[in-house]
Amino acid sequence: MSSLAVDDAERRVGDYHPNLWDDALIQSLSTPYGASPYRDVAEKLIGEIKEMFASISIEDGDDEICYFLQRLWMIDNVERLGISRHFENEIKAAMEDVYSRHWSDKGIACGRHSVVADLNSTALAFRTLRLHGYSVCSDVFKIFQDQKGEFACSADQTEGEIKGILNLLRASLIAFPGERILQEAEIFATTYLKEALPKIQGSRLSQEIEYVLEYGWLTDLPRLETRNYIEVLAEEITPYFKKPCMAVEKLLKLAKIEFNLFHSLQQTELKHLSRWWKDSGFAQLTFTRHRHVEFYTLASCIAMEPKHSAFRLGFAKLCYLGIVLDDIYDTYGKMEELELFTAAIKRWDTSTTECLPEYMKGVYMAFYDCVNEMARQAEKTQGWDTLDYARKTWEALIDAFMEEAKWISSGYVPTFQKYLDNGKVSFGYRAATLQPILTLDIPLPLHILQEIDFPSSFNDLASSILRLRGDICGYQAERSRGEQASSISCYMKDNPGSTEEDALSHVNAMIGDKIPEFNWEFMKPSKAPISSKKYAFDILRAFYHLYKYRDGFSIAKIETKKLVMRTVLDPVPM
């Protein structure tokens, strides 16, 4: 087979804005925060905070309940500040104590002599325990409802009550299927907090509420939450700690240093990624979305341990390559080229590039090298050769891309179910997740890996949620490029007479039903380590975050740019 000639005049292209992050800009970045004195201070603070964990005892509190709340407060804060990895043993011991000695299906009172359950304490304990894998029943919140099934609140909206209802909202967002009381709690708490905001506008509490109302659970990102909570905690005083100023000061100082130490590492990794992008010749591909920096941002928002460099860089490279391939199959590539490229991917032989057009050769080689390198990294941590498994994952994605290319070429609009079955694969969640997770120092034998990989419910739900949300944000732009098939158009085809509003309502309802199911798949007991499930869960949240307001992959110069600045490029003030 001879190489195909390239005729750009006959090709479709997407109307995408150019790369926002020039390589020269990235290479010029600098920061003082990688210096050893900062690391020395961090180590000292870690030791002091460990002592704080150990020093919390019944004698230090007013009573046993105060002691319990102090420990719970510490857990919640070190997690939200992004420093919990230093205190895993302390957190585990504290959680065992909280669950075995203090948790009750009647809620938690605010003092030894009180028989009235406290909403703030109960909601915080419920959320923390559930996220750590403990079995807690949402019926505990029934004691805070009146005979009509409505949540009780005062007319005054005191700061203490507002904090309690904020924690109720945070707890309600991790609902499992069928937990109607948490659905009711979410509606009540959201309404209450929106009404309370004007009364506390400008306060740190209002900043915390605004963040939770905006990002909730599924669009939150660990590093973004850390950045926000550092700003919130700077002036927050909690009633739960005997010496709150001392506790806040030490936690806040460590969080700032850790944030900026990681910021220094991010710059080093980002420079490597940008050089790879430039040296691979991707800048010459004018038809695609250059979002390598944005993908790195997502990776570093969910994998904040310094040792996980292979995860961050691998995720960024693979996702970038995935979006280049998506643009080739959806718009730029001709059908005969796509068939050749698909065959070359399946043969996994660099000699097959001879038959490809020039623009495809570089993409193929970068893809081939990256997948192989990720497999080598994974073998170091997993002890088994993951390449064939990874190749099958990518082949499935390429087949799904090819199917959609045929639909585009013929103007075909499939049934809703046929579209979704293919679209769950073509979104690329599985391909983006598999190899990066295998580079983590978390053993995942094949039989355990398949609890979060295809064809598990975990993977199916994540892929479905992302495909449906992506369609909601992108179907109009895709239609303008000649891509007729989407969950919106397919629903309308299946239901003659229905409107776009009907289709959007149906798709949003599907997502709403799937989120509690996905919460359950994430938090239910299983053989898969909760840490590996957490990374897979956070990858979904990272993608979902960019679809909160619009297609943040295609339009990356608004909210996505702000995310890059707040979590990667800008350190926190010391």
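Cβ coordinates come from backbone N, Cα and C, glycine included.
Around ASP326 (Mn(2+) 1 binding site), a 10 Å sphere centred on its CB holds 20 further CB atoms from the protein chains shown. Positions annotated as Mn(2+) 1 binding site by Swiss-Prot, on the basis of similarity to another entry: ASP326, ASP330.
If you look up Swiss-Prot, you'll see ASP326, ASP330 marked as Mn(2+) 2 binding site. The Cβ neighbour count for ASP330 (Mn(2+) 1 binding site), using a 10 Å radius and every protein chain shown, is 19.
Outside the motif 'DDXXD motif' (326-330) by six or more residues, the chain places 14, 287-289, 338, 341, 360, 363, 398, 401-402, 404-405, 408, 426, 428, 478, 481, 483 with a CB less than 8 A from a CB of the stretch. As annotated by Swiss-Prot, motif 'DDXXD motif' applies to 326-330.
GLU478 (Mn(2+) 3 binding site) carries a helical DSSP state (H, G or I). Around the Cβ of GLU478 (Mn(2+) 3 binding site), a 10 Å sphere holds 22 further Cβ atoms from the protein chains shown. According to Swiss-Prot, the feature Mn(2+) 3 binding site maps to GLU478.
DSSP states for the motif 'DDXXD motif' (326-330), grouped as helix (H, G, I), strand (E, B) and coil, give 5 helix, 0 strand, 0 coil. ASP326 (Mn(2+) 1 binding site) sits 12 Å from GLU478 (Mn(2+) 3 binding site), counting Cα to Cα. In this structure the C-alpha atoms belonging to GLU478 (Mn(2+) 3 binding site) and ASP330 (Mn(2+) 1 binding site) are separated by 9 Å.
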